[in-house]
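What follows is one structure encoded as structure tokens, with my remarks underneath.
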Amino acid sequence: MSLGYAEQLSFIEDVGKVGMTEFFDPSIVLQEKIERLAKMIQMSKHLVVFTGAGISTSCGIPDFRGPKGIWTLQHEGKPLPEASLPFHRAMPSMTHMALVELEKAGILKFVISQNVDGLHLRSGIPREKLAELHGNSFMEACPSCGAEYLRDFEVETIGLKETSRRCADVKCGTKLRDTVLDWEDTLPPKEVLPAEKHCRMAELVLCLGTSLQITPACNLPLKCLRGGGKIVIVNLQKTPKDKNASLVIHGFVDKVIVGVMDLLSMRIPPYVRIDLLQIIITQSLSADKKFVNWTLRVASVHALKAPLPFIKSIEVSFSDAQKYKAAILHEQPFNLKRRTVTTETFEILLKLDFSDGCGCLCTQINIPFGFKVLNDCFKLDKDAAMQDLREKAIQDFGCGQNAVIERKKILASKTEFTVHAIVTNIKAFESDSLNNDGQRAKGSMNDMSFLQANANPSSTISPNKANVESNSSTAAQAAHLQPFTVREQDQYMPIANVIRIMRRILPAHAKISDDAKETIQECVSEYISFITGEANERCQREQRKTITAEDVLWAMGKLGFDDYVEPLTVFLNRYRETENERSSLRDPILKRSSVGVVEYESLGMPPFIPSYPRGPPPQGIFDGAMMGGYYKDTSDSAAGIGGSSDSNSLANFDPFAQFK
């Protein structure tokens, strides 16, 4: 929840039980419960999800009653927790996006939320299938005509008070109100009536991340019981409604839902955030009619005086830099005034510097300008245009892309309004990228099926020749997954990683066709399987359980990939050296391997001694997409280094340079 929201609420003494103890089901028990929940969802004809603050904690938004919750800290007289990023930049979690996929598949019929963070709407849940019982910090509503306005900034008031904006309907114009309830406010019928209706119809009500203490909202899930429906509660703390539930799961919501999605053979879609702004250019002739005075304004689409929270500053330059002076706009509203000759045409170049929480630093918009050049008006299908932009962002896996979705002009005042849509965040989700704490793991991959298909079930890959045995929960999950269909995309290395690797070698403007991506994906996945299978056979012959990096390099040499062995050995030596795992790596790895190893001379390669400046391992060879992602952690603590200068020393290192 918003910390600002919590601070603005009226004070009451009793906010319910706080500082509640968290419980965690053992891994095997948790997996069994996840499987039961997956089957219940699969059998349900009318699924309703009831959510609380616990589904947003992984988004950087604190909960209320947990050990470090807002109400808990207030009760203890401690300061409120700090959000990890600006509230308006919070992005939906894996759970939010999984619910979107379930809704699109027709499984999820309705979502009821007690949260005011607006993340369900941002994730893509249709408004008509969502009840926000306590309101939305980013929503304003017209008390007269009922129109709703979702903002990209947090509305300044709570308690259903008037805001500074009016209804956009010219026939209405009533002052808008915020939608967030204070303690004394009753649940709005517009939200609670459809919520009650769907709970009565529900065969299954899934309660996620809620302590079920706030009345009357907490009683809504119970309405399914009269019609024979069931309740499942996923929460770290015990709740007063546990006795009414058919299944209670104590675990991180994200981890539970990801497990369910895997068992249902459903993918979690990426999240793409698109923000809007409008660029307004007003022109007027000077008194002698030789010059045109013009004003450029970059403003919010929500209101001319509304903030643009995702823009930090704007750098303005011109295609004819010799004639026109550049400028940097630091303060909102972003305005620039200039005078130019009426006969000249040029381009205005806007570099938008994004604020904290955005997925990239900046983007650029080019605007053609001329006194007699006013483009025709047009208004695209906004939903279709936004979807096209979203799909392009997912395909290229990068933010900063933008598109014009509307342009209009007022001839009398020579004013042109252009609305731009900009991708400011993109977040992909990988099903097994959660660690045991329910947080996203660094360098995790979406799939390790090449190991299951080609290696002994007891074998693992280790980059440091240390045994990395599969833990019981992983083995249990693999066993539980067998009755379900394996997704086709899980047979391969994740396409997002394929695109990242390809983009490293391509210029920024290059495009990659879907056929090329899929071809590379299949080839690399088959290559990994091919090498892993050969390395595994060697381990079986030598009666070993662990596939080491030396085994992989040996397999590559045996299978004819000799040219790659030497540079990869250099890389591996360097990687191990940075982790201080060996005092000296001056001899080639393959010569120091155990029985049956192929020496450099037998591969037709001279021995060599690698020597490079200290620093983290160079990226692009053993990326997280290769070899199961074990080489992905490039943090300072993982590399055992201390300064950014170390990173720069290997920035241009290319172990394959001598083979190009």
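For all residues, glycine too, the Cβ spot is worked out from N, Cα and C.
The stretch that TrEMBL tags with region 'Disordered', taken from the ranges 109-132, 157-180, 469-492, 637-660, is 637-660. The Zn(2+) site is defined by CYS142, CYS145, CYS167, CYS172, and by the 8 Å test on Cβ atoms against their centroid, the other residues of the chain that qualify are PRO143, SER144, GLY146, ALA147, ARG166, ALA168, ASP169, GLY173, THR174, LEU176.
In the predicted model, residues of the domain 'Deacetylase sirtuin-type' (27-267) average a pLDDT of 91.
When the Cα atoms are compared, CYS172 (Zn(2+) binding site) and HIS134 (active site, proton acceptor) turn out to be 26 Å apart. Looking at HIS134 (active site, proton acceptor) and CYS142 (Zn(2+) binding site), their Cα atoms lie 17 Å from each other. All protein chains included, CYS167 (Zn(2+) binding site) registers 20 other Cβ atoms within 10 Å of its own Cβ.
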